[in-house]
Each structure stands twice: as structure tokens, then as C-alpha cells.
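S.K.: One structure coming up, written as C-alpha cells, with questions to follow.
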């Protein structure tokens, strides 16, 4: 085999993503490698023997039924992600699981014990370090708090490299906090300008007769009207209502769920007006796009770094500060 052919074969292998596919009710799992969503669909139809009359199929994440139809999102998923292939008119449902499909019952909304949660997060990093970018602030803090020796054993790395990893996690957490504080300062500044303009306009007005009490305007967003049904968990809704710049503390999967919500339903669930809910969704969209761009940049750097399959652990910079 010529050097050129060898290089092309290695490049093709580097572009392939390992995936696991199965039918909704079938017991068999099949491992396939694909470079894009279209290739994964084609291979899934082949290995699962899906009839042509029942195509096109829909690919959903096995853990929660999220439909995967965006190429960029597919590229950001870790290796060995599990998919369920749904033929035409089929729907994903966790209620149809049996003992042979118990691996589908894992849900991101389930409450993990402390040990199970950090190990699950560690496995995500072991598959792809760029998953750091997609994690929530809570997940980052969980990994930071894990004893260095335990994390080193789980990831099969030296404690020195684990220290570098935890410093990097702290840096990401610090940057999100700094961004949140900057946004709060900007909002306070804009609010102060608005109040100053209001005061100046009132001073400039001629003396007027005593005003009648203003009628209460019904905005249609009563605090008691928060019974709208959404796909968001109570924990996510609480973060959206209570956290400043909530898009910074959520993981990317929760951000995507917020974006999929109808603006009116989201506004009703949060007790906000539709304009405020729309602004929140726009902020979530910008944050998710930024994270995906960062992941894509890392993947591009990886694919051009002399055929390396994983990000070099030692290349992550040490944090300058720790909380």
C-alpha cells in the first residue's frame, strides 16, 4: 500500500464516528461507523433490515428520545452514542422498554447518587475531552470535587494529568461566572441610564395636576398561571427563573430543550411575558451555538494534528486560580 493510500485511509478513519444502533423494540444492538448523519441512516437501515417502504427513518438518542437531525449536533456527540432507529410512523417511548432493552431506560433527569454521577461524567470526558464545553456548571463542579486519586483511576491517567484536567474544569467554571457578572453589570448600567432618562424627562415636564391612580394592566402573565405543560424539568425551570444568565449554568442538552419549547408555553410556565421568554430563548441559542463552535474548532484541530485520535491531556493549560 502506498503512503498516500495509507494517509487517505487514516484520514477517513479519523472522520468516522462509532455509534450503536437498534430498533425500538428489538433486542439486538449493532455497532456502525459513520462520518455523517446520512451515512449513519443508510447503514442503520442496512444492519437493522428496515424495509425500504418504511423509510426514511428517524434517529433518536436512546437515553431520552431526542431527535438527531442536525449535522453539527451529530458531530458533537461522543463516540459510542446509542441511537434508536424509528421507521415511518413509529414513535419513541420509554414505556415500551423491557428487560432486554434496559439500557434505554437511562435518563438525564434521573437523580444519580454522587458516585454514579461523577463516574458517568468521567466516562464522557474519557470518550472526548471537548465534552467539557457542553457540561453544566453543576456537572463541572462535581468533577472538580472528586478526589484526584479516584478520578485518575477511573480515567486511567496519572494524578498530575488529572490535576491539569481539574484546573481546566475550574477555568471553564470561572469564565462562566465572570461572563455572568459582566452581564449583570451591563444590565445594571443600562437600567441606571433608563432611570436617569426617566427622571430628566419628568423634570422637564410642566407642573401637572395630581395624577389619578393608574389602572392595573392585565398582561396576561399572572403569577398563578404557571400550569403550562412543558418538556422541561422542574430543576431547569427553577434555574431559568432564579439564576442570572441561566443559559450559562445549563448543559447543552437542556439549552436545546429550552429552544424547542413554544415561546408562549415557556412564558406561561415561567410567569413571564412572551417577549422576555423570547429573549431567554435567543440567549440560549447564542450560548449553544458558541459551545458547538468551540467543539467543532477542537475537532478540526484534532483532525489536523498529525492523526492524533484524542486531545492530548498534557496540552490543557493549568488554571491560574482556584476557588
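Glycine residues also receive a Cβ, built from the backbone N, Cα and C atoms like all the rest.
From TrEMBL, here are the annotated features:
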type: COILED; residues: 148-196; note: coiled coil
type: COMPBIAS; residues: 217-227; note: compositional bias 'Low complexity'
type: COMPBIAS; residues: 298-308; note: compositional bias 'Polar residues'
type: DOMAIN; residues: 15-94; note: domain 'CIDE-N'
type: REGION; residues: 204-227; note: region 'Disordered'
type: REGION; residues: 298-323; note: region 'Disordered'
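Can you tell me where each of these features sits in the structure?
M.R.: For the coiled coil (148-196), the model's average pLDDT works out to 86.
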S.K.: Within the domain 'CIDE-N' (15-94), how many residues are helix, strand or coil going by DSSP?
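M.R.: Once the DSSP states are binned, the domain 'CIDE-N' (15-94) shows 22 helix, 23 strand, 35 coil.
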